[in-house]
């Protein structure tokens with residue numbers, strides 16, 4: 001008899017819940033249309049649902065009529081976007097994750113103190129673009145270990161590093177180790193820039209990997225943290241697939257013996273996970289479902305002041 005082990009925590013984090021609730025509350029308070037700068041979170045199911053309810057997702061503020069309402073996505077924005085919104089007389093609401101905002105604030109602070117900032121992350125990811133924009137003359141983005149060797153700073157340059165919140169813990173450990181070897185005096189935040197939810201989901205999955213022969217990560221291909229979960233399994237030689245709906249689960253699984261793990265990215269609704277489990281039960285009728293709880297998450301972020309009762 002085969003088992004599917006559900007890695008827990010999985011799915012929505014506090015920042016994603018807050019961002020979605022911001023859009024829902026804005027639609028309820030002011031009605032459609034409500035404009036959202038970038039996809040509120042990187043998940044097609046969430047975005048499509050909000051679009052049906054009256055949210056309009058845009059990349060350029062010029063697509064919003066003057067005086068309109070705009071919500072900034074959970075990933076954050078560079079300061080010039082806020083300035084443009086002000087110039088266009090837009091009513092803006094910030095749904096940036098609280099933990100991303102913390103990194104923005106740290107980058108501004110240390111840049112003002114004369115530090116060069118090393119930002120570990122993916123250059124094209126919207127979160128990194130937003131953080132970089134806080135101090136473009138002081139920030140250098142590092143994507144991989146090899147980039148550390150190419151940094152132009154002298155050994156005595158005051159250096160401060162932060163990371164994108166959704167990176168692989170494995171990658172961050174390798175890059176920060178290389179950074180500290182080359183620049184022993186580099187400093188960072190007292191706690192990791194990788195958010196609690198990213199850490200919990202990766203560590204929860206790691207804990208079940210010795211018991212399984214295959215992993216499904218339920219998440220969107222655009223989702224950074226979902227892709228990193230897939231990599232956690234693959235680094236440990238466990239076949240893994242990133243799926244965003246039950247339609248993506250094929251009878252390929254019948255070619256593998258042993259138990260299966262399922263986890264989900266931080267922007268994945270739990271109902272999609274349950275649909276994927278149902279699909280697996282169709283393929284493997286005697287499949288047993290087991291929940292594996294690694295940590296209990298009780299983090300809640302308050303809504304922006306514009307939407308508080």
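In case you wondered, yes, glycine gets a Cβ from its N, Cα and C as well.
With 97, 195 listed by Swiss-Prot as binding [4Fe-4S] cluster, the candidate from 13, 276 annotated for that site turns out to be 13. Closest by Cα distance to residue 267 ((2E)-4-hydroxy-3-methylbut-2-enyl diphosphate binding site), from the recorded positions 13, 97, 127, 195, is 13. Most Cβ neighbours within 10 Å, among the binding-site residues 13, 97, 195: 13 holds that distinction in the structure as shown. Largest CA to CA distance in the dimethylallyl diphosphate binding set (42, 75, 125, 223, 224, 225, 267): 15 Å, whole number. Counted within 10 Å of its Cβ, the other Cβ atoms near residue 127 (active site, proton donor) come to 24, all protein chains included. With residue 195 ([4Fe-4S] cluster binding site) as the anchor, the candidate binding-site residues are 42, 125, 165, 223, and the one with the nearest CA is 165. What surrounds the [4Fe-4S] cluster site, by Cβ distance within 8 Å of the Cβ centroid and not counting 13, 97, 195, is the set 14, 15, 16, 74, 98, 99, 100, 165, 166, 196, 197, 198, 266 from the same chain.
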